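Chemist: Straight from Swiss-Prot, here's the annotation block:
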| type | residues | note |
| --- | --- | --- |
| BINDING | 30-33, K51, 87-91, G415, 479-481, D495 | ATP binding site |
| COMPBIAS | 537-548 | compositional bias 'Gly residues' |
| REGION | 524-548 | region 'Disordered' |
Amino acid sequence: MAAKEIIFHDGARAKLVEGVNLLANAVKVTLGPKGRNVVLERSFGSPVVTKDGVSVAKEIELADKVQNIGAQLVKEVASKTSDAAGDGTTTATVLAQAIVREGQKYVAAGLNPLDLKRGIDKAVAAAVDELKKISKPTTTSKEIAQVATISANGEESIGQRIAEAIDRVGKEGVITVEDGKSLADELDVVEGLQFDRGYLSPYFINHPERQLAVLDEPFILLHDKKISNIRDLLPVLEQVAKAGRPLLIVAEDVEGEALATLVVNNIRGILKTVAVKAPGFGDRRKALLEDIAILTGGQVITEETGLTLEKATLQELGRAKRIEVGKENTTLIDGAGDKPNIDARVKQIRAQIAEATSDYDREKLQERVAKLAGGVAVIKVGGATEVEVKEKKDRVDDALHATRAAVEEGIVPGGGVALIRVKQAIAALAGANADQKAGISIVLRALEEPLRQIVANAGEEASVVVATVAAGQGNYGYNAATGEYGDLVESGVLDPTKVTRTALQNAASIAGLLLTTDATVHEAPKDAPPTAPAGVPGAGAGGPGFDF
């Protein structure tokens, strides 16, 4: 096992704070509409230019082991905030730095770190309650566009695209972001349920100009096994032919004699059919087939439920208004499923999302919710160079998450004003003792910091602006984009409540841990012998902190 170095007390905290400051100083320059860019080196390819706080934080790894521990803890603030709210990473970093900086002064002056932390926690809980009081729900497409615009560093075109996407697919729909192939941003919307499986034979195509097989008012047969024997299918094919409707077959696979017979009947015009493979694999395939069944009002023909192909009836088949099958995708439009059943299925999947431990599982479950409840929109981000597209794509991602957060918990005035109003509301909060009162004052001072940083990045005098905003009421604040004071909600400067709340809670959590840290253990440098624990009286021949 490698030798370890141990540092105690003020020596440990001072190094940790240095690491916090190094990371936070690099991240906070990106805050606000006039935030600056940070250039990130890449081992391969061109450097990345970004204004995304979490992207900057993730790149930082410090040479000094103890400083790096401090930096990694603040990186955790940014990452956790990004995971929970999708935005607010820079605000969280600025708040964490402010709480640590102010708290370190009190700890150095001899105050009890645990009481300081209790005071910090008490102030944050009161601040969160106050945030919820001043929050108001997002009701219009315009407000959604404004939230997205602010999160995208003031780029209105991004805000409009996201608002348009949400209008098209609904608040439950999935919106994904991809690299575009042109200079302009584009929006593609898939309405209905789409899955990534295409026709099993090009002979099913009936729209050659679009290379699609299109079925109007079809029946849908869902089966979880391979179909190779046409005799298994004959009873259901005869019933569908009598009804005079086309048929979509979704099964694990359709092959051999069964596929050949379907193709021949299709070419001769006896029965219009299309066969596709079921999406997904294993348990996920079963779940997706069940989703399609609920959406189309049918049942999955499976031995597990006692149903067989030979005995299948039209009542067990799903229905849809229209189905389009391409080489790689199948889209079901306007399924005939009952709304209560679809809602119940969505609720069930939501419960699974809440319990999911992996990001991949969560993402796939979220996709299933969207396909059942809304649709899928793809924003294709355009730009002149790869670097520009990457930077813009990061901002679109942030804006997208911010709008989701706004829909979830509502909005507050942006530009750091909400935290100033919260500060005023909890200014009279009392602690159980003087040390807790000091902890509360740490948070009160930190609540000004996002506004101070936004103003500093805009090249103005922070103290003057903070005093002017504090003298106002409600939504009155400073719009750094225009350099003017006014009602920020009216001028479209909004923040999602969830983003501001999450940033404050995560910042206080990590800052509290740092302030109550009294020792660090880290690997000793390979080219130096282990040293005595710093800050321990009488350690080694020369006293605290000396080599021995």
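Cβ atoms are placed via backbone N, Cα and C, with glycine included.
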Chemist: Could you say which of the binding-site residues T30, T90 has its Cβ with the most other Cβ atoms inside 10 Å?
Modeler: T90
Chemist: Under 8 Å between C-beta atoms and at least six apart in sequence, can you list the same-chain neighbours of D495 (ATP binding site), or say none if there are none?
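Modeler: The answer is G88, V147, I150, A402, I411, V412, P413, G414, G415, A418.
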Chemist: When you tally the Cβ atoms that lie within 10 Å of each candidate's Cβ, which of the binding-site residues (G32, G88, G415) has the highest tally?
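Modeler: The largest 10 Å Cβ neighbour count belongs to G88.
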Chemist: Tell me which residues of the chain lie with their Cβ under 8 angstroms from that of K51 (ATP binding site), as long as they are six or more apart in sequence?
Modeler: T30, G35, R36, N37, V38, N153, E391, D394, R395
Chemist: Which of the three DSSP states, helix, strand or coil, fits G32 (ATP binding site)?
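Modeler: Coil, per DSSP.
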Chemist: Determine, from DSSP, whether T90 (ATP binding site) sits in helix, strand or coil.
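Modeler: Looking at the DSSP assignment, T90 (ATP binding site) belongs to a helix.
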